[in-house]
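Peer 1: Pulled these features from Swiss-Prot for this protein:
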| type | residues | note |
| --- | --- | --- |
| MOD_RES | S2 | N-acetylserine |
| ZN_FING | 4-21 | zinc finger |
| MOD_RES | K8 | N6-acetyllysine |
| REGION | 25-38 | region 'RNA-binding Arg/Gly-rich region (RGG-box)' |
| MOD_RES | R25 | omega-N-methylarginine |
| MOD_RES | R27 | omega-N-methylarginine |
| MOD_RES | S49 | phosphoserine |
| ZN_FING | 52-69 | zinc finger |
| ZN_FING | 72-89 | zinc finger |
| MOD_RES | R79 | omega-N-methylarginine |
| ZN_FING | 96-113 | zinc finger |
| ZN_FING | 117-134 | zinc finger |
| ZN_FING | 135-152 | zinc finger |
| ZN_FING | 156-173 | zinc finger |
Amino acid sequence: MSSNECFKCGRSGHWARECPTGGGRGRGMRSRGRGGFTSDRGFQFVSSSLPDICYRCGESGHLAKDCDLQEDACYNCGRGGHIAKDCKEPKREREQCCYNCGKPGHLARDCDHADEQKCYSCGEFGHIQKDCTKVKCYRCGETGHVAINCSKTSEVNCYRCGESGHLARECTIEATA
């Protein structure tokens, strides 16, 4: 998610505190402890190895900002115009995933990896990120090299004004604070 998108709905043009989707923590993520996050739909995200889930249509493989749907869809029936709690269709059962390892078929309390450390860089168990031997590039997300040696160019965004092409230290807009 880029710095100029709402944390709740993934759309640009407003911040989470001004989100038109309303109440509470909306459809964003809430902290789960142990370094992972759980979406309001019950999906847990503990590493980049888990699939992307779109919060607009509920499908995997893309995020809401890349979704073809113009309006949010009901997570139960997939149609627009209402949300799952107001859906008239029978509730569709979904397989829950373990909050620890992200795999279906068991709960976190029954997970074989419950007491193991998980690396947030490679997603493997048994070590933490600072001890990981698989270096990961923060520019392209691939393993095997670091950002300074990355051949892929990336668009830089200014944290002050949100525009691309320059950094905050190069920004011509006055800081307001």
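Every residue, even glycine, has its Cβ placed from backbone N, Cα and C.
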Peer 1: Check each residue in the chain of R79 (omega-N-methylarginine) that is at least six apart in sequence and keep those whose C-beta is under 8 Å from its C-beta; list them in sequence order.
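Peer 2: When sequence neighbours closer than 6 are ignored, R79 (omega-N-methylarginine) has A73 within Cβ distance under 8 Å.
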Peer 1: Taking DSSP three-state, what's K8 (N6-acetyllysine) in: helix, strand or coil?
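Peer 2: Looking at the DSSP assignment, K8 (N6-acetyllysine) belongs to neither helix nor strand, so coil.
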Peer 1: Just counting, how many other CB atoms are there within 10 A of the CB of K8 (N6-acetyllysine)?
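Peer 2: Other Cβ atoms found within 10 Å: 24.
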Peer 1: When DSSP is mapped onto helix/strand/coil, what comes out for R79 (omega-N-methylarginine)?
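Peer 2: Its secondary structure by DSSP: coil.
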Peer 1: Could you put numbers on the helix, strand and coil content of the zinc finger (156-173), residue by residue per DSSP?
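Peer 2: Helix/strand/coil tally for the zinc finger (156-173): 3 helix, 2 strand, 13 coil.
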Peer 1: Looking only at the zinc finger (135-152), how are its residues distributed among DSSP helix, strand and coil?
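Peer 2: Its residues fall into 3 helix, 2 strand, 13 coil.
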